[in-house]
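Pulled from Swiss-Prot:
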DISULFID  Cys7-Cys28  disulfide bond
DISULFID  Cys13-Cys33  disulfide bond
DISULFID  Cys17-Cys35  disulfide bond
MOD_RES   Gln1  pyrrolidone carboxylic acid
REGION    26-33  region 'Interaction with Ca(2+)-activated K(+) channels'
SITE      Lys27  site 'Basic residue of the functional dyad'
SITE      Tyr36  site 'Aromatic residue of the functional dyad'
Amino acid sequence: QFTDVDCSVSKECWSVCKDLFGVDRGKCMGKKCRCYQ
């Protein structure tokens, strides 16, 4: 899942992904958070 959340490192996305999608992991791609589903 792509998001509009800005990031610089993948760990910044983990709590974002948890809140948005209920998944614990994501990564930073192209300065935006992407969440695993």
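Residue positions begin at 1 at the first shown residue.
Using the three backbone atoms N, Cα and C, a Cβ is placed for every residue, glycine included.
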Which of these recorded positions is closest to the residue listed as 'pyrrolidone carboxylic acid' if you go by CA atoms: Cys13, Lys27, Cys33, Cys35?
Cys35
Cβ neighbours within the same chain of Cys13 (disulfide bond) - under 8 Å, at least six residues apart
Thr3, Val5, Cys7, Gly26, Lys27, Cys28, Cys33, Arg34, Cys35
Once the chains shown are all counted, how many other Cβ atoms turn up within 10 Å of the Cβ of Cys35 (disulfide bond)?
22
The region 'Interaction with Ca(2+)-activated K(+) channels' (26-33), counted residue by residue under DSSP: helix, strand, coil:
0 helix, 6 strand, 2 coil
